[in-house]
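Feature list (source: TrEMBL):
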DOMAIN    2-191  domain 'Glutamine amidotransferase type-2'
ACT_SITE  Cys2  active site, for GATase activity
BINDING   Asp97  L-glutamine binding site
BINDING   Leu257, Ile289, Ser364, Gly365  ATP binding site
SITE      Glu366  site 'Important for beta-aspartyl-AMP intermediate formation'
Amino acid sequence: MCGIWALFGSDECLSVQCLSAMKIAHRGPDAFRFENVNGFINCCFGFHRLAVVDQLYGMQPIRVKKFPYLWLCYNGEIYNFKQLQKQFGFEYQTLVDGEVILHLYNRGGIEQTASMLDGVFAFILLDTANRKVFLARDTYGVRPLFKVLTDDGFLGVCSEAKGLINLKHSTSLCSKVEPFLPGHYEVLDLKPSGKVASVELVKFHSYKDEPLHAACDTVETLPSGSFDLETVKSNIRILFENAVRKRLMAHRRIGCLLSGGLDSSLVAAVLLKLMKEINVSYPLQTFAIGMENSPDLLAARKVAAHIGSEHHEVIFNSEEGIQAIEEVIFSLETYDITTVRASIGMYLVSKYIRKKTDSVVIFSGEGSDELTQGYIYFHKAPSPDEAAEESERLLKELYLFDVLRADRTTAAHGLELRVPFLDHRFTSYYLSLPAELRIPKNGIEKYLLRQSFEDSNLLPKEILWRPKEAFSDGIASVKKSWFSILQDYIDQQVDDLLLEKAAEKYPFNPPKTKESYYYRQIFEKHYPGRSNWLPHYWMPRWVKATDPSARTLKHYKSATQE
């Protein structure tokens, strides 16, 4: 995990502009480099490094003797760089996994490069010989990327929007800062003046398609075409275990977030099993956060005892959570209600990990709810096909919600997040299964995933079959949920009259509750006029919901009252 930043065609002094690059210093606390591009005095790269692999030669932009005209700034991990080296006979000059991007590009161009990368990434690749700039981002947008491109060809690119919003430019304000779309690459022409012109934006991978890099994966070809239940369950186990295994690549200590829910518990259990198999020299640290006696803390304790991890509990009170709201919204760059709520716990646990431990590479369970239909409202889906469509919509928008939350809350404290549920092969296989197999069954969501691990003894049965608990709810007590605590506090902060006039003040995504008004106020304070970064609020479907919390839904209430 790093912070990348680059400018092309700047009219302003680069030494002034580079102050904007310091806005993302948290993403790479180990080192910083600012480098001008030879022959283009108004083009430069900025890089904040979190050293996870190759401590000696890992600084960026990456340049190698073989390709002196290529400059690469990337944030991510490429899990198949060794397999690609073997397949194509690449001669690496460093131990940095991202070096493979240079070799792939030299061999087959940008489309093959983006399609063959098994991992998470956002990168800026400059080819001065052919005067091209390339931008690319992984399928689900696990690694963030923002850009601004003015009418006269000034381009700014950064891991987070906050590194672009204060850039200076002679002809216009850099107002159109926008997220770069996941699963796409863009080709831009670089003019002698250093300015750029966009040539094409191409979608290189759809999450339903088996990725091109599957051909050189470590897992052999799976039995296909058969949807026999035992075969399906076996394939799910094989691919999920492989997803965790490939993510063990690190020279820094590995830890795991553990809420005690199905997703993080499965990740932690498989992770610890594989770490033992390869004789990792330290125990796995797991981290849970919650208020005193919250459901998550109790469940996580049970899982940690079962798998034998070195478990840490972070207990916070309502005052600490409320005090963190503003810094969380600043880190997130969003005002989405459920994202802010869920981020507070994740932000505080990440802060603890950074200060109190030496774990840096952090595994987590993001992506499972979207992929395996884990949200409570999936019980109300009119048909399996509509449930499948909703699952795909959620995956497409992950970069606006859960993946955004997971990246920013961990990156704010210099940690690197790894999310095995969003492995390309695992997700494409799961989405290839018949829609009827993937829906909730017997009143239980994620039924197929739970069933697949039922005989593995990885988890206690009561955890494997524990009902869905939203992260923002599970960290509080059953008596009073976290969203109720937030609403009680905010009710005193926002006047009724302000809410009545909310649509006049904020015509785009107007706040409907005092809580959403409060978050919006804070967002506008830091990012005025940027509300279009969030196209819409996250809300459940097929139910008359006025709040995104699972605890407001009928199914949740009936399940907890039984």
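Every residue, even glycine, has its Cβ placed from backbone N, Cα and C.
Feature map: annotations from TrEMBL on the structure.
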residue: Cys2; record: active site, for GATase activity; Cβ within 10 Å: 26
residue: Asp97; record: L-glutamine binding site; Cβ within 10 Å: 25
residue: Leu257; record: ATP binding site; Cβ within 10 Å: 28
residue: Ile289; record: ATP binding site; Cβ within 10 Å: 29
residue: Ser364; record: ATP binding site; Cβ within 10 Å: 25
residue: Gly365; record: ATP binding site; Cβ within 10 Å: 25
residue: Glu366; record: site 'Important for beta-aspartyl-AMP intermediate formation'; Cβ within 10 Å: 28
Can you grab the distance from Leu257 (ATP binding site) over to Glu366 (site 'Important for beta-aspartyl-AMP intermediate formation')? Cα atoms, rounded to a whole Å.
10
Take the C-alpha atoms of Asp97 (L-glutamine binding site) and Gly365 (ATP binding site) and report the distance between them in angstrom, rounded.
24
Max Cα distance spanning Leu257, Ile289, Ser364, Gly365 (ATP binders), Å?
15
Can you give me the Cα-Cα distance between Gly365 (ATP binding site) and the residue listed as 'active site, for GATase activity' in Å, rounded to a whole number?
21
Separation of alpha carbons, Ile289 (ATP binding site) and the residue listed as 'active site, for GATase activity' (Å)
25
